[in-house]
């Protein structure tokens, strides 16, 4: 009877230890899409002129007014080398606006929501909860500051202007746009287009790849899907 009791206790201990070990392992893509492990970031900037001019869509400016004529940040998104991505990785760290209070004035102009009706801070909450909690940054301030720093580092509008590519409603060769940006940052970007009410393909978003630390630009391990026309409009804003 004593031996049986000891065996039962041993089995219980082994089960508890095994369960603890299993729970301590980080989930991994693709079986666990909420894994906080990832390979690189997409740093995505959008052209507000194309967002506001898209077919069937209108835009609403933030409370601070119309943003300056420049690319704005859409997001800094962790990704896997196979094209998948983690999301909503840690619900114990929900968005807290007080943590980014020092950055809000810049975020309103450089990382604004243009959706209608304007969602204000809900846009930043979405980006943090879905993407930031899966990132390598330990705080919201670090995450959003990294995005602002990358925008300064890439300076897309100036890169295009240096190649005489201006937001003047004219049409430009997409490959020329990529070359202009590559000349500035050292790596080719991915360009996403949308269409205006007249069906014209227009420059919408630019994807740049960043290492898992969120600082250094890298060659994209994988590119998003979708294609632009060979020549696209660069709408005014």
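Cβ coordinates are placed from backbone N, Cα and C, and glycine is handled just like the others.
Quick look at what TrEMBL annotates:
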- 74: active site (ACT_SITE)
- 127: active site (ACT_SITE)
- 131: active site (ACT_SITE)
- 1-22: signal peptide (SIGNAL)
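Around residue 74 (active site), taking its Cβ as the centre, 23 other Cβ atoms fall within 10 Å, counting all chains. If you take the C-beta of residue 131 (active site) and look for same-chain residues 6 or more apart in sequence within under 8 angstroms, you find 75, 76, 77, 78, 87. Counting only same-chain residues at least 6 apart in sequence, those with a Cβ under 8 Å from the Cβ of residue 127 (active site) are 75, 76.
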